[in-house]
Amino acid sequence: FDGRNAAANDKASDLVALTVRGCCSHPACSVNHPELCG
């Protein structure tokens, strides 16, 4: 188990979560990605 990879994966998923929240607050983006915004 490589702790550095785990940390990198956590950072990547944090970035995705931030991007998803930003997308879902923009109607045009949330319409294009309904699977992200529910």
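We number each residue from 1, going along the chain as drawn.
Backbone N, Cα and C atoms are what each Cβ position is placed from, and that goes for glycine too.
Since this is a predicted model, take the numbers as computed values, not measurements.
What Swiss-Prot records for C23-C29, C24-C37 is disulfide bond, and it gives a curator's inference as the kind of evidence. The cysteine amide annotation in Swiss-Prot covers C37. If you look up Swiss-Prot, you'll see H26, P27, V31, N32 marked as site 'Important residue for inhibiting alpha-3-beta-2 nAChR', on the strength of experimental evidence.
Around the Cβ of H26 (site 'Important residue for inhibiting alpha-3-beta-2 nAChR'), a 10 Å sphere holds 12 further Cβ atoms from the protein chains shown. A simple way to gauge crowding: the CB of P27 (site 'Important residue for inhibiting alpha-3-beta-2 nAChR') has 9 other CB atoms within 10 angstroms, across all the protein chains here. With the fewest other C-beta atoms within 10 Å around its C-beta, V31 stands out among the recorded positions C24, C29, V31. Secondary structure at H26 (site 'Important residue for inhibiting alpha-3-beta-2 nAChR'), taken from DSSP and collapsed to helix, strand or coil, is coil.
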